[in-house]
Structures are given as C-alpha cells and as structure tokens.
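According to TrEMBL, the feature active site, acyl-ester intermediate maps to Ser241. Look at TrEMBL and you will find Glu403, His555 tagged as active site, charge relay system. Per TrEMBL, domain 'Carboxylesterase type B' is recorded for 38-652. Taken from TrEMBL, the feature transmembrane segment applies to 6-27, 676-693.
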Amino acid sequence: MLLSFIHLSIFSLFSIMFMIITTSVMLNPLKPIKITLNHGGSVIGKEETVNIDGQEVQVNSFLGIPYASKPIDKLRFAPPEKHPGWKGSYNATKLSATCWQYIFVGFDAVNAAGKMWINNTEMSEDCLYLNVWTPKPVDNSSRFPVMVWIYGGGFTSGSANLQVYNGAILSATQNVIIVSMQYRVGAFGFLRLKPNTTDQTQTSALGNQGLLDQLMALKWVKENIGQFNGDPNQVTIFGESAGAVSVSILWMSPIAQPYFRRAILQSGSLYARWGLDTADEAHEKADIFTRECGCQSPSVDRKASLECLRKLDPLTLVNQLDSINVAIGKRRYDTVQKYLRPRNHRHEPFLLSQSTSTRLYFDVPLQPVIDGHLMPKHPDQIFHDKNTLKDKPELLIGVNTNEAMFFLLPGISIKDTQFLFPNGSVFMPENLGLAGKKQPFKQGEEIADFYWITATQILEESHMRPGLAKLPSYYYNLPLISSPKQGYYDPDTIHIKDKELLKRLDKFAGDLDFACPTLNFAEQVARLPDSKVFLYHFNKRTESLPMPTWTGVMHGYEIEYIFGIPHDPEFSKQFYSFTDPEKKFSSRMMKMWTNFAKTGHPSKSDDGHVSLPEWPLFRRTDGFISNDPDHLILEDETKLGSGLHRDRCAFWLHEMSDMTDILNDTCEFSSGIKPTGSYILIIGLWLLLFIGYL
C-alpha cells in the first residue's frame, strides 16, 4: 500500500524512532515450539491461542526467521545470498526490522486509515527475514497448503510486520500456512546502474534486488516448509498493489515458476505504468539518483558510482529517492510547454487553469525492470511465445471500486485545494465544488480546466500530445473550459457537484493505473490453454473507517477482510473496529481465498463441497461481446457481474494506445518514411473524428 509522504530529510533519526509504533500481540502465549530446519539448526516459535470472537483456536507463530545473509556493505544492491544457517536454536518470537524506506507524518501518522500502513518496527538494512504461521497439526503426517504474502507499498515502502498482515487468524481458522517476507524497497531493492558491457562479472545493482529477495524467500519455503507440516508443492503466492505487480512478474519468470503453483493478484499487475521499466528507463533514473547523491554517474564510471553509493548512510539514499520524481516532473513540464500550450502563451509563467504541478499524483521513483534474467522480456512477448509460461494456469485476480481515491486526496495539485490535514481530518474543499460549477475560485481568476489538470498530473507522457491529451477528459465527462468545434457532447453543459467530480477523477486515474492493467493481465492469462481465471470486483466499505463515505472503497482496504482482521481485537484497539456483519463477510473472504489455495477454485473447499456462491470463470471474448456472468462482486450480498470496466478499459488499452501509435508513426513520416495508402486513410478518418479537439 503506497501512501503520501513527507520526505525523511526533514527528520532526525530521533524523530524516526519516535514514530515507531509498538505492535500489540493479540495472542495468549502458551508454550515454545521447536522446528528443525534443513540446515540442521532450529527455530523456536510459540504455540499460542487466538481469541476469535470469544472462541479460542490454537496457532503456531515463528517470527523474524532469517532467509538470506545481511544485505550490507558489499551486499548492498547485490542479489540476496542464501543464509548459511546456524548451529543450535534461533529465537523466532520477535518481529524483525523493516527495510529502510520512506516514513510518513502528518495525516498518515494520525488518521488510523493511514497509520495502519506505517511500519511498526525499527528500520535496518539487515531486514531479510520472514514470518510463518501454522495451524496446529492433528499429527505429523498433516500437510497444509501454503500461502506466501507479498506486501505492497509502491516499491518504496511496506512491511510484512503490519498488524493488518498478521497471518494468525487466517492460518488458525482456515488450516493453511501463511508466510510473509520482508524485501528491500527503494534504491536498496530496485536501483539498476547501467552495466559495463566489457565486465561480465558484475552482479550488483542490476535491478530487481527486491524481487530476488522474494524469490529467495520462496526457495526457503520450498526447502523448509515441510518441517512446518506444509506442502511445498501446494504454494500460492498472493499480493496487493506493488505486491500484486511482484506476483505477476514472478508468475511470468521462468526461474521463479518452480516455487509456487497458484497466484492471487489484488489491484495491480506488471502492465501498470508504474510496475515495470525498460532497462533504458531504469538507467536514466539511476543517473539522476546517483548525481543527486553526489556520486559519479554510472554512465561514466559504474564501479566508482557503486562504491560511492555503498559508502552513503541509508538515510541519504532514502532522502534522495524523490529526486527522480522531481526530475520526471520537470520533464513533464517541458512536454507541456512543447506540445500542449498554445504558442502565443509559451512565454508566460506556467499556470495552466489551476493545475499547480506537473508531477504525477502517484509517484513511483524506482520499480522492477526488464533485466533479461528474472524478467527476461516484455510481458507481451512472453505471452505471445507462451512456451515459458505455466501449464494450466490458475489465477485469482481483481480490483476495488475506488482504486485511485487514496492517492488523489494527497496527490492531486489544484490551486488552494486540500483534502487531508495534519490533525487527521478529511474535508471536501470548496474549490472542488467551484471547479465542478465552472466558477473561478476567486474573482478575476481563471477557471479550473480539467484538461490541463489531468494532462499534467495523471496522463502518461506518451499521451501528452495535442488532441490526444484532451480525449480522456472528454471520455470521463470532466469539466473543460475550451469547447470543441464538434464532439460527443458540449462540455459547457457539464456542471457537476464536488463529490461527483472527484468520483470521475477517481475513475479516470483508477482505470489508468490500477483497474485496466489488472484486467489486462487477467485477459492475457485467460487466453492461455486450459487456464482458470477467477475475477472479482471488491465493493465493500468498512463502516467505521475514519474516512468520509465519499472516499468509497479504496485501494488496499480489502486486505483486512482477507486476513480476518475484523476478528482481531488488537487491530480494533489500535485502529478501528468492525461490525458483526463485517466479521461474517471477512469469514467468507477468508474461505474464498484459501479455497483457491487448496483447490484452485474459490467456491470449492478441499472436500469438493461448494459452500459459497458459484464463481464463474473469466473468459477472454475476442471478436464479440458477451453479457454472461464472468466475475463475482464482493459486497454485503455477493452477486454475479459481467463485463467489468469493459468499455473504459477498451478506451485505455486500445483506443488511446492505437491513437498514440498513429501519432508516433505520423512523426516518423515527417522524417522521410513513406506511408501506405491504407495508413493515410486511417490517419484521415482519425482526424475527421477528432479534429474538433485539436
């Protein structure tokens, strides 16, 4: 889960430590329990009793087990090395440190809906540890399915130790083993320095270190989970947001596929623009980052750059990460000046109809990269080839109703408009209502034009082109000031209330960054032979969530129901509580997710009994539109759905993509490439359709 942040540079280490939240334990300790690992050493965990709504269930917990060597000194930025093991016993009763990352203050540190995502243990580079929760076995021959959780956080934050990820209830009530691991984020986990083509021995800072951490943890599970009465051949990986992107990359990686059987993706996939970089994009970001850190550019001297970065303290590496976002924002500014501003206004100070920033509302500075190893090729190429993909794939995947809302509230920059406040309160700003009515915020000021606001802060850079940049605002019926000569409707008639305006912005951004990339992955897998894809739409809002009802069903808030958190009195004590119907809803969600891990079908339990609503398979319908049920809507009364975001995602995945390709090819024509007659016809038809927007 990625939150808004204020950077660490304004804090001392003292203030960082002050922010650490002590996690209360919801379990009543009974006695220690000892497990011998394959290397000969043992771990000592705890056999405890989970109090679930007044009923006691036993569970074994093993916290903070090292799965890799400390990634420090020469191992900073290096792939993880397998932990050498130990002699004797290791105390696995305490949560480990969290990997170095952003820390949040202000609203996020006060409001429980934000505070629940803040890391709750100290930060350290020595952070490659995992947690295991197991049911109490009936006998030593018991073998439980295994579910390995990968947390989100935009590859810049996150921790396996959060109370919302506590696996005790899910394990104890559903008879599955839950594993969660810490992995490196930010520069530690995803920095890629341009490799020296003459040096074949280089292994550090090639990108994807954080993903390789996840893979190392999966290898640990393969080798050791049998000692915990787990079935190493029945492993399901599941994750949310950046964790879902990670799951999708591992799912496509030939070197990762042997270590799990099934996958669950919640609100994300590698098709998200923030989910996967090309090598060239990663190298450009690394140049920016190393320069701001005061080190030699890796393009000039890679070895010197790496040595310099390894000498810096962790706090500096965290602080300088945002320099990448700043540089990309400047590049977006230049794109606006070059392509989108009228020529007769380019000499004026930058102020585009109340848009006060060209930074993306949702910044992810470093992300996974197509490295030729873990992620060998672009996903489209891998899906096209098919030969390296899993046979008979089984996938559970879905999205929430209001995916972008949590990021728009702190991230959208409209003049004098603020939603979140340091005291934890949330308000709908008056300016948003004025913008919806097409009234100036102050007398004599310009009126907010959402063409500029969305073009500068939400769109991909490839979409920031004349004509093309305005189309999404028309498609989502946002208030525009400049009327077209012709079009689908007259935007001058669009006068909407503040909540409706925010809802449309949420659909715009949520489709682009979360829903459509996730659904795209579902479609690609559904095309494969003998695939089983189960799609969901999560539409359940927690009544006591300390956010206004107009924020809807936000990104990440399905997790509490999957982990059984409504039954956890400690979470309720620290953050917010749940109603009895919400507890029952959580029990159904836990059953669905663990059914899938056990049987490959979320409606069928391991004894073959169908005790839940029959979940239809999601099918890719090339060439025709089917209204048959193809997904489940998860809300108070679960029901069947059809064609989830079909038209909206067709707009992003096909229309906008095709028009971008046309514009790019048109630019090539101007460089001397001769177009074909059919292509001239396509260009002509496109211009006839959209000339009114230019």
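Backbone N, Cα and C define each Cβ position, glycine as well.
A mean pLDDT of 93 is what the model gives for the domain 'Carboxylesterase type B' (38-652).
Residue environment of Ser241 (active site, acyl-ester intermediate) contains 28 other Cβ atoms, counted within 10 Å of its Cβ in all protein chains. All protein chains considered, the CB of His555 (active site, charge relay system) has 26 other CB atoms within 10 Å.
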